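Copied over from TrEMBL:
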ACT_SITE  E397  active site, proton acceptor
BINDING   H396, H400, E419  Zn(2+) binding site
COMPBIAS  40-50  compositional bias 'Basic and acidic residues'
COMPBIAS  54-80  compositional bias 'Low complexity'
DOMAIN    95-289  domain 'Aminopeptidase N-like N-terminal'
DOMAIN    324-551  domain 'Peptidase M1 membrane alanine aminopeptidase'
DOMAIN    628-954  domain 'ERAP1-like C-terminal'
REGION    40-84  region 'Disordered'
SITE      Y485  site 'Transition state stabilizer'
Amino acid sequence: MGKGGFYISKAVGVVAILLGAAAVATIIALSVVYAEEKSKNEVKPTEGKPEPSPTTTKATTAAPTTAAPTTAAPTSAAPSNEPWDKYRLPDTLMPEYYNITLWPRLQRNESGIFIFTGKSFVVFKCLQATNLILIHSNKLNYTKFDEHHATLTGIDDPNPPTINTTWLKLETQFLVIQLKGNLLHGKSYRLDTEFVGELADDLGGFYRSEYSEDNVTKVVATTQMQPTDARKAFPCFDEPAMKAVFHITLIHDNETKALSNGKEIDTKNIEGNLLSTTFEPTERMSTYLLAFIVSDYDSIEQQDDVLIRIWARKKAIADGHGEYALNITGPILQFFQKYYNASYPLSKSDQIALPDFNAGAMENWGLITYRETALLYDPQVSSNGNKERIATVISHELAHMWFGNLVTMKWWNDLWLNEGFASYVEYLGADHAEPTWNIKDLIVLGDVYRVFAIDALASSHPLSSREDEINKPEQISELFDAISYSKGASVLRMLSEFLTEDVFTKGLSTYLNHFAYNNTVYTDLWDHLQTAADTSGVELLHPVRDIMDRWVLQMGFPVVTINTATGTVSQKHFLLDPDSVVTRPSEFNYQWYVPIKWMKTGIEQEKVYWLQQKEDKNDNMSVNGNDWLLANLDVTGYYRVNYDNDNWERLLAKLTENHTEIPVINRGQILDDSFNLARAKIVSTTLALRTTKYLYNETEYIPWQVAINNLDYFILMFDRTEVYGPLQAYLGKQIKPLWDHFTQITDNWTKVPDNHMDQYNEVNAIKIACSTGFKDCQDLVKYWYTQWMQNPNDNPIHPNLRSTVYCSAIAEGGDKEWNFGWEMFQNASIASEAEKLRAALACTKYPWLLNRYLEYTLVPKIIRKQDATSTIIYIANNVVGQPLAWDFVRARWDDIFSQYGGGSFSFSNLINGVTKRFSTAFELRQLEQFKKDNAGTGLGSGTQAVDQSIERTKANMKWVAENKASVLQWFTTESG
Ligand SMILES: *[C@@H]1O[C@H](CO)[C@@H](O)[C@H](O)[C@H]1NC(C)=O
Ligand SMILES: *[C@@H]1O[C@H](CO)[C@@H](O)[C@H](O)[C@H]1NC(C)=O
Ligand SMILES: *[C@@H]1O[C@H](CO)[C@@H](O)[C@H](O)[C@H]1NC(C)=O
Ligand SMILES: [Zn+2]
C-alpha cells in the first residue's frame, strides 16, 4: 500500500480553510448537540489500563482480594439481529489508510468548553458486497454533509452507491450509513467526514490535561485510545485487527509543539499564528495505538539509529528530570532488538510525561505516554523505588513496540498475552539497563506472589477468555487486571524457563517476523515456540500447546506435595479458603503439567521433573537421613510446594544451621508457601511462624519482605489484642541483628548501601526497629527530622528513607512534627515527595490530629479529589486511626457518596481499606448495620465491597478463633 506524499501535501492547504470556517459554526452547535448526546448516552470514562505499580506497593499481603469476572451478564436491551446492535464490526469492510486532520483548542470557547475539530477520510476495501457501512464513532458531532454526516466516493468503482440514511447508534458507538445500492466485492471506497468533539478532562480519547507553571494554567491536548476510545477522536474501524496506515496532521498555534506516532515531516504556517504539522505516515497499525499531543513542552534527545526524545513540562526538563529516562531508553531498545532479533520498526521513539494520566503508561507506537512519576527522575528527591519503577515501566512499554504493536492480538480476549508478555520481559530489559540490581528476582514478589493471592480464590478466572465472551467496552476494560498482567507474566516466565531462553527467543523471533504488521491469536505463538523447540532438539513430554492449555484455560494453580519418605508427588488445586466452593468447571479437572526444578541437599538436579498426573512416584525424590529436598527452584514454576513433615523439619534445620545453602528466592518461598499453606489449613500456623526464626541471621531483602508481607496479616488481626505485645517483642528480637548490620554497612547511617536490594532492606530495618520501640532507631529518625524542621530548605533525609523516616518521626512526635510535615506537604513541588508526606501524616498516634486530617480529606482544595480515599485508607491502616476512619466513613457517608459518586474504582477500595482489620462479632454487626442503614440510598460501587468485607470479616473471625491461642503461646515463648 502506498505511503506516498500525495494526500499529505494536498491536505494541508485545503484543510486550513475548511477547518477555519467550520470551527465558528460548530462551536456553537457543539454545546447543544453534545449535551443532548451526553444525556441520552451516559458513557463511563474508560478506566485505562492499570500498568504495573511500583514493586513496593505491589507486594501483597495474603488477605483475599477479589478478581474480576470475565463474563458479564447478557445485555439488558432486547436482543436484536441488526448489525448495528452488535458490538463487533462485520467482516465486510477493511480499512487501508486514513487521512486525519485534528485541531484541538487549548482555550475555552464562548460556551465555556474546550473542543477539537477534525476532518478525516478513510479508504477501505469491500471484502463482501454490502449496502451498509458501520464505522465506530463516540461523542462526535458531524458538522458537514448535512444529515448524511459523510460523503462516499469510489476509488476504483466508477459508480459508487449513494447514501440513503445515516444515524448515530449510541449504545454500540457506531456511525451507521445505509446505502441505496451495494459496495462491490474487491473495490475500494473513500468516506469523508468532518466533526467536532469535546476536549474534556476525562482521560479518554482526545482529552486535556492541565497544570500550572509560573502561576499560569497550561493545557495539554493528549490522547489515551486503548482500548476503545480512538472512536472518540475520529470515526474509525476501532478494532485491533482493523490495521491501517494513518496520515496525520495536527493544527496548533505557533507557541506549541505537535507530536504523533510518526516523526514530524512538515510544518507550515497556515494563517496568523496557526501552524499545521504533518507527520510521516505510520506503519500498518491498530487504532488503539494512535497518539496525538499538542503542548508547550520541551524535550531532550539522543540520536543513534533511532531518534530518542523525552518530553515534559519545561521546568521538569530544565531541572534535568528527563535525563535518567533518556539514558536508559537507548540501552533498553538495544536489548530488545537483540532479544527479539528484530530491529526497532520505527524511525523515532518519543516518550512524554503527562500531569493527568489514568494508567501508568501507554505504549502508543512511537509516542509513549507516561504518568510523571513513571518517567521523571530527580536524584534529589526520588527514591531507589521511584527509580526502579521508571526503569521497569519504560522497559515494559518498549517491549510492546514489537510484542503488541508490530504483532497485535486479533481481539481483546487475548489481551493477557500482550500484557503478560510485557510484564515478564520488562524485568529483562530493566536488568540490562541496571545490571547490578538483580531485578529479575523481584518478579517473584512483584508478580507471582501478588497474583497468587487472587488466583487462589474460588472466584478467580482463567487467563484466556473466548472471543465471543468479550464484546462491550466495559468487558474489554475489565480484562486489564492482575490475572492478565501478573499471572500472564508468571506463566510465560515458566514457559521460557522450561523451553530455555534460547528456544523461547528463537520462537519469538520467527513469530514476530512472520506476523509483522498483522494480527494473531495466542496459539500462533505456541506454534512458533513448538517449531523452535523441535528444530533445537529440545524434547518435551507434551506439545507446548497441551502444556500451556492447562495453565491458560484453567483458573488457579496447584499445590504440589512431595512426600520425601516415599517419593510420592501429587498435585491439588490450591484454595486459600479450604471451605470455598469452586463452581467453574474445568475440562482438565484442575490438574496441570507441572515442571519441577529441584535440588537435593544443596545439589541442583539436572533434569526437570514433570508431574503429569494427579499423583506420581519418583524414586529420586525419596530422601533419608539428613538429606533435604527443595522444589520449585527460584520459583520459576507457577505453583506452591508442600512436603512431608520430616522434610519441612529438615528445611527448617537447614535454615537455622546455614541458610545460605538454600537459594535466596527459595528462602522467601519457604516462608510464603508455609504461611499460605497454613491459611489453607494444609500445615499448622506454628510451622509457618517457625520459618521466621532463622531471620535472626538473614540480611537479604526478599525473605525479609516476604516475612513482613505475611506477618502483616497477624499484625492486622492482633494489634488490638494481648497477642500484640509478644508479637512486637519477637519482631524486635528478630530485627536486632539486621539493625546492627545496617548500622555497620552504612557507617552509622551516614552512607547509602551500594546494593539495590540492601537499599530496600535498610528501609525494612528502620521501619520495624522503630515500630517495635528501638530507642536508637527512634532517636535517629527524630534527629534527622528535627534537623529538617530547623532548616526546611535542606532536607538531610536520604530519599530512599523518607517514607519510613517521616512516618516514624510523626508517629513518635506530636503536633509540632505533624504540622511541619503538613506544611512541607502543601509546599511540595514534586509529586513523589508530596505522596510520601501524605502517607506519613497518617502515622501520628494522636486521635485529634487524625480526626482533623480526616476532615481535610473531604476538602478538595486541601487534598486533591483523586487522593481522598487513599488518604482515608492510610489513616485506617494506623491502629489508632482505624476506628476513627470507620466512624468518619459512616458519619460522612452521604457527603462521600455525593462527592465521589458511585462509579469510581477507589470507592470499593475505601470500604475494603477501612474494614480490612475487622475480625470481631461486634465489627461484623456494625458492618451489617451499615449495609442495612444504606439500603435505601444505596452503596453504589461499594455494594460488592461491603459484601466482600462481611465475608472477609467472617473469615477473619474464624481464623482468629482457631489460631489466637496457639499464636499467643508461640510468640510468648519465642519472644522470651
Ligand atoms: C506566532 O505568530 C505570530 C503571528 O504571526 C507572531 O507574531 C509571533 O511572533 C509568532 N510566535 C512565535 C513563537 O513564532
Ligand atoms: C495477515 O495474516 C493472515 C493470516 O496468516 C494472512 O492471510 C494475511 O495475508 C496477512 N496479512 C498481511 C497484510 O500480511
Ligand atoms: C554455608 O553454606 C555456604 C554455601 O553452601 C558455604 O559457602 C559456607 O561455607 C557455609 N558456612 C558454614 C559455616 O558451613
Ligand atoms: Zn502493557
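Each Cβ is built from the backbone N, Cα and C atoms, and glycine gets one as well.
Just so you know, of the recorded positions H396, Y485, the Cβ with the fewest other Cβ atoms around it within 10 Å is the one at Y485.
For the domain 'ERAP1-like C-terminal' (628-954), the model's pLDDT averages out at 93. Using a 10 Å radius centred on the Cβ of E419 (Zn(2+) binding site) and all shown protein chains, the other Cβ atoms total 27. The separation of Y485 (site 'Transition state stabilizer') from H396 (Zn(2+) binding site), Cα to Cα, is 11 Å.
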